[in-house]
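To start, the structure itself, in structure tokens.
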Amino acid sequence: MLMLLVRGTHYESLRSKVVLPTPLGGRGTEALVSECPSPDTGIRWRQSDEALRVNVGGVRRLLSARALARFPGTRLGRLQAAASEEQARRLCDDYDAAAREFYFDRHPGFFLGLLHFYRTGHLHVLDELCVFAFGQEADYWGLGENALAACCRARYLERRLTQPRAWDEDSDTPSSVDPCPDEISDVQRELARYGAARCGRLRRRLWLTMENPGYSLPSKLFSCVSISVVLASIAAMCIHSLPEYQAREAAAAVAAVAAGRSPEGVRDDPVLRRLEYFCIAWFSFEVSSRLLLAPSTRNFFCHPLNLIDIVSVLPFYLTLLAGVALGDQGGTGGKELGHLGKVVQVFRLMRIFRVLKLARHSTGLRSLGATLKHSYREVGILLLYLAVGVSVFSGVAYTAEKEEDVGFNTIPACWWWGTVSMTTVGYGDVVPVTVAGKLAASGCILGGILVVALPITIIFNKFSHFYRRQKALEAAVRNSNHQEFEDLLSSVDGVSEASLETSRETSQEGRSADLETQAPSEPPHPQMY
């Protein structure tokens, strides 16, 4: 009986340690209950006051539960309060159960600033990250703009508002000339179309050879040949306009008429004509090849450089069609269709647009096109300023010079003088002679300098930006390893699930090897925060 009493008393005493509000080591009953879990709730996968061991981009730290509990809405705060391992894995990139370490593949520099946030409650802007990357990191870790310190909030908001207009500023910062991710994604989407096409890999390689001069040695040779043909075509067109060739063609036409033959058949020099046929054949080959190899026919006809290629060969074929309409392959016909001959001459004049084909091989011309595309507002402002200035000063000059016979007879006639003066060209064909007219001309010239200089500065800054950006893109392609570039292209073709699994295993092994390599240089225990 005594033994049972003692056992009953011992049982009651043990029960009282759990139920009664008796403090133990400064902690209440709730702490004691947490150490003795109930069979209904199960054993917790990690203690609530256990420090959190994290690895962010190779930077290992040990975070205290008390610091994380102050910010339960952040990612690390939710990770600390996770009720199960499955819930915790959804908040991190990887978890090492043996080392009880959470891995995050994020920017390590931002993580160091995040540690300062958990200590002080304020987040400071990092100059090494652009505002968009900084905002993405802050959103990932569960921080908002309210977490920014007062000393950095105004600077962050100002940089975020001015970042879309970074190309308006003459800045040499890397963020102003780095390739845009949208451009890279557009190229990848275009190349991905070859995956489902017939002979897609061969077509993709040929397309890149024709479009990217720095892709390979054949692409460089193709670019050199294309430039040579364009220059030869322009040179032939210029030589054809020389007086010596004009006189030679006129004499040949007279001799043909005397012999009873058509003068149109001998109008062109045979050498220049053969050179023209060769250039047209090459241009036609380029256009047809790019059209057949293009990943998207719709996008092909929307690209400005492709439209230039089409316009460069279109006059030749329109001339042939006009010759057929005139009833003769040489372009002659009856008197009733004589006016079509002048249309043929207009078509021949359109050959001058072939010089624009050099834009495909010239960084400066492509940068100029991009500048004009993004400067339509500034160009409109420039034209508006010129129109207002020309109208005002032309009226003043007409009033001052209308009594003199110097060419200022009407206001529309004065517009030519005002335009030439405001653009500071000054042909001198029409000049004022009165004192009032000279004062008006002086004001027109000075006003033109001020009016033209304002928008031109903005346009020049944009051109500098696009030129540096294009150079950076070309340097990235030129300095990149060819095999790495092939691997990048192969990635858009689509890979099997087994290949993806192998890639993930290789990445995991590489990351583990990196951690093992870094382990000896790190302290035995991560720093506690």
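Backbone N, Cα and C define each Cβ position, glycine as well.
Relative to the membrane, Val324 and Val433 are listed by Swiss-Prot as lying on one and the same side. From the options 214-219, 370-375, 424-429, the stretch Swiss-Prot describes as motif 'Selectivity filter' is 424-429. Per Swiss-Prot, the range carrying the annotation transmembrane segment out of 47-67, 89-109, 341-361 is 341-361. Only residues 6 or more beyond the boundaries of the motif 'Selectivity filter' (424-429), in the same chain, are considered here, and those with a CB under 8 A from a CB of the stretch are 407, 445, 448-449, 452. A Cβ distance under 8 Å defines the sequence-distant neighbours of the topological domain 'Cytoplasmic' (362-376), meaning residues of its chain 6+ beyond its ends; these are 167, 304, 356, 458-459, 462-463, 466-467, 469-471, 474. Helix, strand and coil counts from DSSP across the topological domain 'Cytoplasmic' (362-376) read 12 helix, 0 strand, 3 coil.
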